[in-house]
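What follows is a set of notes on a single structure, which appears directly below.
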Amino acid sequence: MTEIEESMDSSDSHDSATSGKKSGRTSLLDSGEDFEILNEEDIDDEPPPLEDAGGGKGKNTDEKTNADTDSDPPGPVEEWLDVLGNDQLKKKVLEEGKGRDSRPQKGQNVKINLKTCLSDGTLVEEQSDLSFTLGDGDVIQALDLTVMLMEMGEKALVQANAKYAYGERGSLEPEVPPNEELSLEVELLEASDAPDLELLPPAEKTALAIHKRERGNVHYQRGDYAFAVNSYSIALTITESSSKVDITPEEESELMDVRVKCLNNMAASQLKLDHYDAALKSCVSALEHQPDNIKALFRMGKVLALQGEYAEAIQTLRKALKLEPSNKTIHAELSKLVKKNSEQRGAEQALYKKMLGNPASSSSSSSQKHRAKSSWGLSWKWLFGATAVALGGVALSVVIAARN
């Protein structure tokens, strides 16, 4: 692995692109923008009002007179349904469906025919039998919200602001410019309940979890980190579900690998959202399954550093570096943390000295006093010695004089 910041392998990107889901323009760990999350209660569940059918040739004179003399005639009926009440996502019925009772429910798998055009009418793409799970974020938000309001067999025209389509970044596949409104022609073909995860064969369960994770990768690349967390959470639920069918050790290992990748990618998304406690929990969970997972160790080190736990972060990154000594990204992050930790310790030592009344100055004063005391000791010793010599000289003189 040459770059620890790359949280998805090349096969992830390839699979995501071939599935028609990939739409980002930046690398997986460099993108970033806020993305508005809509609540279910914001969705207007009322159908568009019916047009007034009165006033035709079949009406008699009395009915016409009554209509003309009505003090409060009804106003014009709108063809468009303002789904969210902000005039940014609208739906118009082109062909009636089979009634309100046939509307799909959130969590069901639906199949649609879709024709996507730019605001000027330029065709972007046409897709037949497009399948997705309603409400899981598998498609752009405009589809997730409006298909929920369609009846089986209904054809509808949807006008979507860029906020509910491909946003400020636009898309490479399909090719949509930034901040572009879309016109979507949708036909709801069928809806069915999602499969029972406990009865799903292991290979299908793994494939479904990978699909949800790849959709999370697309959200991450676009900077839609909250949606990415949602997709990764769904994928984790799939991998962690119990099974009532036989599963081989190899199949269990494959599911475990998908689970750890989801936890790693979720931690990356949570870091972008500044949800440090949640990111740390994701890293810990990944390391419980794979203690030597370098990506989990690296992100755990980053989370601990952001929480100010430099010593623990350094220890975690050193473990990651030991597993992959040539990784320059880990080297750089570790060097930065060691420097920060050193600066923090220096600042703490200075604070302690200040709290203790500048012990350095006290030590200097004591040293000066000790040198002064030593100096006086030398002076007295010198004076005492000189006196002794003088007295000895006097006594010697007296002795010599006596002998003479």
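Counting starts with 1 at the first residue shown.
Every residue, even glycine, has its Cβ placed from backbone N, Cα and C.
Nobody curates TrEMBL annotations by hand; they come from automatic prediction.
Given the structure is predicted, the values throughout are model-derived calculations rather than measurements.
Listed features, source TrEMBL:
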type     : residues : note
REGION   : 1-79     : region 'Disordered'
COMPBIAS : 31-49    : compositional bias 'Acidic residues'
DOMAIN   : 107-192  : domain 'PPIase FKBP-type'
REPEAT   : 294-327  : repeat 'TPR'
TRANSMEM : 382-402  : transmembrane segment
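Note on the repeat 'TPR' (294-327): residues 1-2, 4, 7, 260, 263-264, 267-268, 271, 276, 279-280, 283-284, 286-287, 333-334, 337-338, 340-341, 344 of its chain, located 6 or more positions outside it, place their CB under 8 angstroms from a CB of the stretch. The DSSP breakdown of the repeat 'TPR' (294-327), given as helix, strand and coil counts, is 27 helix, 0 strand, 7 coil. Over the domain 'PPIase FKBP-type' (107-192) the predicted model carries a mean pLDDT of 96.
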